[in-house]
(Lines of atoms letter the chains of each structure in order from A and count residues from 1; the text may use other names and numbers.)
(Lines give C-alpha, C1' and ligand atoms only; values in the text may rest on other atoms or scores of the structure.)
Protein backbone atom coordinates (compact mmCIF):
# COMPACT_ATOMS: atom_id res chain seq x y z
CA UNK A 1 0.00 0.00 0.00
CA UNK A 2 2.85 2.37 0.93
CA UNK A 3 4.62 1.51 -2.30
CA UNK A 4 1.46 2.41 -4.23
CA UNK A 5 1.26 5.76 -2.48
CA UNK A 6 4.94 6.42 -3.22
CA UNK A 7 4.46 5.47 -6.86
CA UNK A 8 1.45 7.77 -7.13
CA UNK A 9 3.38 10.59 -5.53
CA UNK A 10 6.34 10.02 -7.85
CA UNK A 11 4.06 9.96 -10.87
CA UNK A 12 2.39 13.18 -9.75
CA UNK A 13 5.76 14.91 -9.30
CA UNK A 14 6.92 13.60 -12.66
CA UNK A 15 3.82 14.97 -14.38
CA UNK A 16 4.24 18.31 -12.62
CA UNK A 17 7.90 18.49 -13.68
CA UNK A 18 6.93 17.68 -17.27
CA UNK A 19 4.22 20.36 -17.24
CA UNK A 20 6.60 22.99 -15.85
CA UNK A 21 9.26 22.01 -18.39
CA UNK A 22 6.77 22.39 -21.25
CA UNK A 23 5.49 25.75 -19.96
CA UNK A 24 8.96 27.25 -19.62
CA UNK A 25 9.87 25.89 -23.08
CA UNK A 26 6.75 27.55 -24.51
CA UNK A 27 7.60 30.76 -22.68
CA UNK A 28 11.17 31.00 -24.02
CA UNK A 29 10.18 29.95 -27.54
CA UNK A 30 7.28 32.37 -27.93
CA UNK A 31 9.27 35.18 -26.32
CA UNK A 32 12.22 34.70 -28.71
CA UNK A 33 9.92 34.70 -31.75
CA UNK A 34 8.01 37.79 -30.60
CA UNK A 35 11.17 39.71 -29.69
CA UNK A 36 12.75 38.91 -33.06
CA UNK A 37 9.67 40.16 -34.86
CA UNK A 38 9.64 43.23 -32.59
CA UNK A 39 13.29 43.93 -33.52
CA UNK A 40 12.52 43.82 -37.24
CA UNK A 41 9.18 45.62 -37.13
CA UNK A 42 9.19 48.01 -34.17
CA UNK A 43 12.89 48.79 -33.76
CA UNK A 44 13.30 48.98 -37.54
CA UNK A 45 16.48 46.89 -37.20
CA UNK A 46 15.99 45.06 -40.50
CA UNK A 47 19.21 43.07 -40.45
CA UNK A 48 18.49 39.34 -40.03
CA UNK A 49 22.11 38.27 -40.59
CA UNK A 50 23.30 40.52 -37.78
CA UNK A 51 20.53 39.35 -35.45
CA UNK A 52 21.43 35.72 -36.19
CA UNK A 53 25.11 36.48 -35.57
CA UNK A 54 24.25 38.02 -32.17
CA UNK A 55 22.28 34.89 -31.31
CA UNK A 56 25.21 32.63 -32.26
CA UNK A 57 27.65 34.68 -30.17
CA UNK A 58 25.33 34.61 -27.14
CA UNK A 59 24.77 30.87 -27.59
CA UNK A 60 28.54 30.24 -27.80
CA UNK A 61 29.14 32.17 -24.58
CA UNK A 62 26.14 30.61 -22.86
CA UNK A 63 27.14 27.05 -23.76
CA UNK A 64 30.69 27.66 -22.51
CA UNK A 65 29.37 28.97 -19.18
CA UNK A 66 26.86 26.10 -18.85
CA UNK A 67 29.52 23.43 -19.42
CA UNK A 68 32.71 24.87 -17.91
CA UNK A 69 31.38 27.18 -15.15
CA UNK A 70 27.99 25.83 -14.08
CA UNK A 71 28.91 22.20 -14.89
CA UNK A 72 25.35 21.66 -16.08
CA UNK A 73 26.50 19.02 -18.55
CA UNK A 74 29.85 17.23 -19.00
CA UNK A 75 31.76 18.22 -22.10
CA UNK A 76 31.61 15.59 -24.85
CA UNK A 77 35.09 15.30 -26.29
CA UNK A 78 35.29 15.51 -30.09
CA UNK A 79 38.45 14.74 -32.06
CA UNK A 80 39.89 17.81 -33.85
CA UNK A 81 39.55 16.03 -37.19
CA UNK A 82 35.88 15.29 -36.53
CA UNK A 83 35.23 18.94 -35.66
CA UNK A 84 35.98 19.92 -39.25
CA UNK A 85 34.82 16.75 -40.98
CA UNK A 86 31.54 16.30 -39.06
CA UNK A 87 30.71 19.36 -36.96
CA UNK A 88 31.56 22.04 -39.54
CA UNK A 89 29.17 20.75 -42.28
CA UNK A 90 26.41 20.46 -39.69
CA UNK A 91 27.18 23.98 -38.48
CA UNK A 92 26.92 25.31 -42.03
CA UNK A 93 23.44 23.84 -42.53
CA UNK A 94 22.51 24.90 -39.00
CA UNK A 95 23.58 28.48 -39.82
CA UNK A 96 21.54 28.55 -43.03
CA UNK A 97 18.51 27.22 -41.14
CA UNK A 98 18.60 29.93 -38.48
CA UNK A 99 19.35 32.74 -40.91
CA UNK A 100 16.48 31.78 -43.23
CA UNK A 101 14.13 31.64 -40.25
CA UNK A 102 15.06 35.19 -39.31
CA UNK A 103 14.89 36.36 -42.92
CA UNK A 104 11.36 34.96 -43.28
CA UNK A 105 10.35 36.58 -40.01
CA UNK A 106 11.58 39.88 -41.42
CA UNK A 107 9.08 39.73 -44.30
CA UNK A 108 6.06 37.66 -43.21
CA UNK A 109 3.88 37.51 -40.07
CA UNK A 110 4.76 35.14 -37.22
CA UNK A 111 1.55 33.17 -37.79
CA UNK A 112 2.38 32.46 -41.44
CA UNK A 113 6.04 31.70 -40.74
CA UNK A 114 5.21 29.27 -37.94
CA UNK A 115 2.67 27.47 -40.12
CA UNK A 116 5.20 27.07 -42.94
CA UNK A 117 7.80 25.73 -40.48
CA UNK A 118 5.30 22.99 -39.65
CA UNK A 119 5.90 21.72 -43.19
CA UNK A 120 9.25 20.30 -42.03
CA UNK A 121 8.00 16.69 -41.49
CA UNK A 122 6.88 16.57 -45.12
CA UNK A 123 10.16 17.96 -46.49
CA UNK A 124 12.11 15.49 -44.31
CA UNK A 125 10.20 12.49 -45.67
CA UNK A 126 10.36 13.73 -49.28
CA UNK A 127 14.12 14.44 -49.08
CA UNK A 128 14.84 11.00 -47.61
CA UNK A 129 12.76 9.43 -50.38
CA UNK A 130 14.20 11.42 -53.29
CA UNK A 131 17.84 11.81 -52.28
CA UNK A 132 18.52 8.91 -49.93
CA UNK A 133 16.08 6.43 -51.57
CA UNK A 134 14.47 5.61 -48.25
CA UNK A 135 11.03 4.01 -48.49
CA UNK A 136 8.13 4.70 -46.13
CA UNK A 137 4.91 2.79 -45.70
CA UNK A 138 1.59 4.22 -46.81
CA UNK A 139 0.57 5.44 -43.34
CA UNK A 140 3.47 7.91 -43.32
CA UNK A 141 2.49 9.33 -46.72
CA UNK A 142 -1.18 9.49 -45.71
CA UNK A 143 -0.29 11.43 -42.54
CA UNK A 144 1.41 14.10 -44.69
CA UNK A 145 -1.76 14.89 -46.66
CA UNK A 146 -3.33 17.24 -44.05
CA UNK A 147 0.04 18.97 -43.55
CA UNK A 148 0.44 19.70 -47.25
CA UNK A 149 -3.24 20.63 -47.63
CA UNK A 150 -3.12 22.96 -44.64
CA UNK A 151 0.02 24.70 -45.93
CA UNK A 152 -1.59 25.22 -49.35
CA UNK A 153 -4.76 26.63 -47.83
CA UNK A 154 -2.81 28.93 -45.51
CA UNK A 155 -0.57 30.20 -48.32
CA UNK A 156 -3.46 30.88 -50.70
CA UNK A 157 -5.48 32.77 -48.08
CA UNK A 158 -2.59 34.66 -46.38
CA UNK A 159 -3.47 38.36 -46.40
CA UNK A 160 0.12 39.52 -45.75
CA UNK A 161 1.76 37.20 -48.26
CA UNK A 162 5.31 38.05 -49.33
CA UNK A 163 6.99 35.80 -51.91
CA UNK A 164 10.54 36.42 -50.64
CA UNK A 165 9.59 35.65 -47.04
CA UNK A 166 7.60 32.60 -48.15
CA UNK A 167 10.53 31.22 -50.17
CA UNK A 168 12.94 31.85 -47.29
CA UNK A 169 10.67 29.93 -44.91
CA UNK A 170 10.25 27.03 -47.36
CA UNK A 171 14.00 26.75 -48.03
CA UNK A 172 14.42 26.96 -44.25
CA UNK A 173 12.24 23.86 -43.96
CA UNK A 174 14.54 22.08 -46.42
CA UNK A 175 17.57 23.19 -44.39
CA UNK A 176 15.96 21.89 -41.18
CA UNK A 177 15.23 18.55 -42.86
CA UNK A 178 18.76 18.32 -44.26
CA UNK A 179 20.16 19.09 -40.81
CA UNK A 180 18.01 16.36 -39.26
CA UNK A 181 19.04 13.77 -41.85
CA UNK A 182 22.74 14.68 -41.79
CA UNK A 183 22.79 14.52 -37.99
CA UNK A 184 22.05 10.79 -38.11
CA UNK A 185 25.11 10.11 -40.29
CA UNK A 186 27.63 12.86 -39.49
CA UNK A 187 27.13 12.71 -35.71
CA UNK A 188 27.04 8.91 -35.57
CA UNK A 189 29.01 7.73 -32.54
CA UNK A 190 28.55 10.98 -30.59
CA UNK A 191 25.65 11.17 -28.13
CA UNK A 192 25.21 14.92 -28.22
CA UNK A 193 22.73 16.71 -25.98
CA UNK A 194 21.42 20.13 -26.97
CA UNK A 195 23.96 22.04 -24.84
CA UNK A 196 27.00 20.25 -26.29
CA UNK A 197 25.54 20.63 -29.77
CA UNK A 198 25.37 24.41 -29.34
CA UNK A 199 28.82 24.42 -27.71
CA UNK A 200 30.42 23.00 -30.85
CA UNK A 201 28.20 24.42 -33.60
CA UNK A 202 27.53 28.01 -32.50
CA UNK A 203 31.21 29.13 -32.77
CA UNK A 204 31.44 27.64 -36.28
CA UNK A 205 28.15 29.32 -37.22
CA UNK A 206 29.46 32.67 -35.94
CA UNK A 207 32.62 32.26 -38.01
CA UNK A 208 30.59 31.38 -41.13
CA UNK A 209 28.14 34.26 -40.77
CA UNK A 210 30.35 37.08 -39.45
CA UNK A 211 31.87 38.14 -42.79
CA UNK A 212 28.60 38.06 -44.82
CA UNK A 213 26.88 40.01 -42.04
CA UNK A 214 29.56 42.72 -42.11
CA UNK A 215 29.70 42.92 -45.92
CA UNK A 216 25.95 42.85 -46.56
CA UNK A 217 24.57 44.66 -43.51
CA UNK A 218 27.49 46.51 -41.92
CA UNK A 219 26.72 49.86 -43.57
CA UNK A 220 23.04 49.64 -42.72
CA UNK A 221 23.77 48.78 -39.09
CA UNK A 222 26.10 51.80 -38.77
CA UNK A 223 23.44 54.07 -40.28
CA UNK A 224 20.84 52.63 -37.90
CA UNK A 225 23.10 53.41 -34.93
CA UNK A 226 23.30 57.08 -35.92
CA UNK A 227 19.63 57.53 -36.82
CA UNK A 228 17.70 55.42 -34.32
CA UNK A 229 16.37 56.91 -31.10
CA UNK A 230 17.00 55.17 -27.75
CA UNK A 231 19.99 53.13 -28.91
CA UNK A 232 20.69 51.81 -25.40
CA UNK A 233 17.26 50.25 -24.89
CA UNK A 234 17.28 48.86 -28.45
CA UNK A 235 20.65 47.18 -27.88
CA UNK A 236 19.38 45.65 -24.63
CA UNK A 237 16.47 44.11 -26.56
CA UNK A 238 18.71 42.82 -29.38
CA UNK A 239 21.30 41.29 -27.05
CA UNK A 240 18.51 40.06 -24.77
CA UNK A 241 17.02 38.14 -27.68
CA UNK A 242 20.36 36.35 -28.07
CA UNK A 243 20.46 35.44 -24.37
CA UNK A 244 16.88 34.16 -24.53
CA UNK A 245 17.76 32.16 -27.65
CA UNK A 246 20.37 30.27 -25.64
CA UNK A 247 17.94 29.83 -22.73
CA UNK A 248 15.57 28.26 -25.25
CA UNK A 249 18.17 25.57 -25.95
CA UNK A 250 18.52 24.91 -22.24
CA UNK A 251 14.73 24.64 -21.89
CA UNK A 252 14.53 22.15 -24.79
CA UNK A 253 17.11 19.99 -23.00
CA UNK A 254 14.88 19.76 -19.93
CA UNK A 255 11.72 19.14 -21.95
CA UNK A 256 13.31 16.21 -23.78
CA UNK A 257 14.35 14.62 -20.49
CA UNK A 258 11.02 15.27 -18.77
CA UNK A 259 8.55 14.12 -21.43
CA UNK A 260 7.95 11.24 -23.81
CA UNK A 261 8.37 11.56 -27.58
CA UNK A 262 4.59 11.72 -28.07
CA UNK A 263 4.17 14.44 -25.45
CA UNK A 264 7.04 16.40 -27.01
CA UNK A 265 5.38 16.19 -30.42
CA UNK A 266 1.96 17.32 -29.18
CA UNK A 267 3.47 20.07 -27.01
CA UNK A 268 5.51 21.29 -29.99
CA UNK A 269 2.43 21.70 -32.16
CA UNK A 270 0.46 23.37 -29.36
CA UNK A 271 3.42 25.71 -28.92
CA UNK A 272 3.00 26.83 -32.53
CA UNK A 273 -0.66 27.60 -31.84
CA UNK A 274 0.32 29.63 -28.75
CA UNK A 275 2.94 31.56 -30.76
CA UNK A 276 0.40 32.34 -33.47
CA UNK A 277 -2.16 33.57 -30.93
CA UNK A 278 0.30 35.70 -28.95
CA UNK A 279 1.79 37.24 -32.08
CA UNK A 280 -1.68 38.14 -33.35
CA UNK A 281 -2.55 39.78 -30.01
CA UNK A 282 0.62 41.89 -30.18
CA UNK A 283 1.05 42.73 -33.85
CA UNK A 284 -2.60 42.41 -34.99
CA UNK A 285 -1.68 41.09 -38.42
CA UNK A 286 -4.86 40.28 -40.38
CA UNK A 287 -5.88 36.60 -40.35
CA UNK A 288 -8.85 35.46 -42.42
CA UNK A 289 -11.10 32.60 -41.20
CA UNK A 290 -9.86 30.30 -44.00
CA UNK A 291 -6.28 31.16 -43.10
CA UNK A 292 -6.91 30.17 -39.48
CA UNK A 293 -8.53 26.92 -40.64
CA UNK A 294 -5.49 26.17 -42.82
CA UNK A 295 -3.17 26.73 -39.86
CA UNK A 296 -5.30 24.46 -37.66
CA UNK A 297 -5.34 21.70 -40.30
CA UNK A 298 -1.55 21.89 -40.57
CA UNK A 299 -1.04 21.59 -36.80
CA UNK A 300 -3.48 18.68 -36.54
CA UNK A 301 -1.65 17.02 -39.44
CA UNK A 302 1.72 17.44 -37.69
CA UNK A 303 0.30 15.88 -34.52
CA UNK A 304 -1.15 12.99 -36.53
CA UNK A 305 2.18 12.50 -38.33
CA UNK A 306 4.00 12.30 -34.99
CA UNK A 307 1.45 9.81 -33.70
CA UNK A 308 1.82 7.60 -36.80
CA UNK A 309 5.64 7.64 -36.52
CA UNK A 310 5.40 6.68 -32.86
CA UNK A 311 2.86 3.93 -33.59
CA UNK A 312 5.06 2.42 -36.31
CA UNK A 313 8.17 2.53 -34.11
CA UNK A 314 6.27 0.82 -31.29
CA UNK A 315 5.08 -1.93 -33.64
CA UNK A 316 8.62 -2.49 -34.92
CA UNK A 317 9.95 -2.59 -31.38
CA UNK A 318 7.69 -5.50 -30.43
CA UNK A 319 8.14 -7.36 -33.74
CA UNK A 320 8.39 -11.11 -33.07
CA UNK A 321 11.54 -13.11 -33.67
CA UNK A 322 14.02 -10.51 -32.45
CA UNK A 323 16.06 -11.19 -29.37
CA UNK A 324 17.74 -7.83 -29.24
CA UNK A 325 16.54 -4.23 -29.41
CA UNK A 326 15.48 -3.20 -32.90
CA UNK A 327 16.77 -0.24 -34.86
CA UNK A 328 13.71 1.76 -33.87
CA UNK A 329 14.54 1.22 -30.21
CA UNK A 330 18.12 2.37 -30.50
CA UNK A 331 17.22 5.19 -32.87
CA UNK A 332 13.92 6.32 -31.38
CA UNK A 333 12.51 9.83 -31.98
CA UNK A 334 13.50 10.80 -28.47
CA UNK A 335 17.12 9.65 -28.80
CA UNK A 336 17.40 11.37 -32.20
CA UNK A 337 16.05 14.62 -30.71
CA UNK A 338 19.09 14.72 -28.44
CA UNK A 339 21.44 14.56 -31.43
CA UNK A 340 19.87 17.46 -33.27
CA UNK A 341 21.04 21.06 -33.04
CA UNK A 342 18.15 22.45 -31.02
CA UNK A 343 18.74 26.14 -31.42
CA UNK A 344 15.60 26.77 -32.98
CA UNK A 345 12.07 26.07 -33.34
CA UNK A 346 11.10 22.44 -33.44
CA UNK A 347 14.44 22.20 -32.80
CA UNK A 348 14.32 25.57 -33.64
CA UNK A 349 14.27 29.04 -32.63
CA UNK A 350 14.07 31.60 -35.34
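Going from the start of the chain as shown, residues are counted 1 onward.
For all residues, glycine too, the Cβ spot is worked out from N, Cα and C.
Just so you know, TrEMBL annotations never went through curation; they're auto-generated.
Note that the structure is a prediction, hence the values are computed from the model and not measured.
Among the features that TrEMBL reports, transmembrane segment is placed at 16-35 (among others). Outside the transmembrane segment (16-35), and at least 6 residues removed from its termini, the chain residues within Cβ reach (under 8 Å) are 105, 110, 114, 237, 240-241, 244-245, 247-248, 251-252, 254-255, 258-259, 263, 267, 270-271, 274-275, 278-279, 282, 345, 349-350.
Annotated domain 'Sugar phosphate transporter' per TrEMBL: 17-305, in sequence order. Note on the domain 'Sugar phosphate transporter' (17-305): its mean pLDDT in the predicted model is 90.
According to TrEMBL, the transmembrane segment annotation covers 47-67 (among others). Among residues of the same chain six or more beyond the transmembrane segment (47-67), those with a C-beta under 8 A of the stretch's C-beta atoms are 36, 39-40, 73-75, 95, 98-99, 102-103, 105-106, 195-196, 198-199, 202-203, 205-206, 209-210, 212-213, 216-217, 220-221, 224, 238-239, 241-243, 245-247, 249-250, 343, 349.
Counting same-chain residues at least six beyond the ends of the transmembrane segment (87-108), those with a Cβ under 8 angstroms from any Cβ of the stretch are 33, 36-37, 40, 46, 48-49, 51-52, 55-56, 78, 116-117, 158, 160-162, 164-166, 168-169, 171-172, 175-176, 178-179, 182-183, 186-187, 200-202, 204-205, 208-209, 341, 343-345, 348-350. Taken from TrEMBL, the feature transmembrane segment covers 87-108 (among others).
Residues annotated as transmembrane segment in TrEMBL: 138-157 (among others).
Taken from TrEMBL, the feature transmembrane segment covers 199-225 (among others).
Non-local neighbours of the transmembrane segment (231-255) in the same chain are 21-22, 24-25, 27-29, 31-32, 35-36, 38-39, 43, 45, 51, 54-55, 57-59, 61-63, 66, 72-73, 193-195, 198, 225, 264, 267, 342-344, 347, 349; each lies 6+ residues outside the stretch with a CB under 8 Å from one of its CB atoms. Feature annotation from TrEMBL assigns transmembrane segment to 231-255 (among others).
Under 8 Å from some Cβ of the transmembrane segment (262-283) lie the Cβ atoms of residues 18, 22, 25-26, 29-30, 33-34, 37-38, 41, 109-111, 114-115, 117-118, 255-256, 295-296, 299, 302-303, 306-307, 310, 333-334, 337, 346, all in the same chain and six or more residues away from its ends. Among the features that TrEMBL reports, transmembrane segment is placed at 262-283 (among others).
Taken from TrEMBL, the feature transmembrane segment covers 289-308 (among others).
What TrEMBL lists as compositional bias 'Polar residues' is 318-334.
Under the heading region 'Disordered', TrEMBL lists 318-338.
Cβ atoms under 8 Å from those of the transmembrane segment (138-157) belong to residues 112, 115-116, 118-119, 121-122, 125, 166, 288, 290-291, 293-302, 304-305, 307-309, 311-312 of the same chain, restricted to positions at least 6 beyond its ends.
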